[in-house]
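Going by TrEMBL, these are the annotated features:
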type	residues	note
DOMAIN	54-166	domain 'Lcl C-terminal'
SIGNAL	1-17	signal peptide
Amino acid sequence: MRYLYLIPFFFISTAFAKPCGLQGTVEDRIKDCNQSKGNFVLVSATDKGVEFYQDTKTKLIWGSRIPTDFNHYGSQKACDDEVSGYEVLGSLKWRLPSIREYETAAANGMKEALPNMNHWFWSSTPVKTRRKYRRRAVPASVYLWDGSEQKTDVGDLKDGASVRCVAKDS
């Protein structure tokens, strides 16, 4: 009976990657972590389970899913502000990914490589709408990325969805 208590502890303690890549350039961090999943390489992993992966084809760095859901207005601020856990790569400028970046990352194996993909994620791409009088209407909806199905959908700006920020190493 004593051993049954150890089993959950074992699974909990191995759920996160071992901390690595906590300092240096992006290249130094990748070498320190020395872990890849298809076209994605681990750049950094914190002791709190926050992981950052670089898509080797696009060189875009994908952060972990932020654990709180936001409406679209909050999602843009979430990437602009100092995101909790993202300070390990604080020198990078974080932003919401476009829907095209999600599609490209999906083609490069994002679902298999990145953790917590079974959520809906905000994109920075608005759904284009037109008024009758040649003026563009203010977007009322934005494209969402369905992480489980790996497809695009449309969400209202007031809806709640997850946020995953991206950055480009300069």
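Any Cβ shown, glycine's included, is placed from N, Cα and C.
Broken down by DSSP into helix, strand and coil, the domain 'Lcl C-terminal' (54-166) contains 26 helix, 41 strand, 46 coil. Averaged over the domain 'Lcl C-terminal' (54-166), the predicted model reaches a pLDDT of 88.
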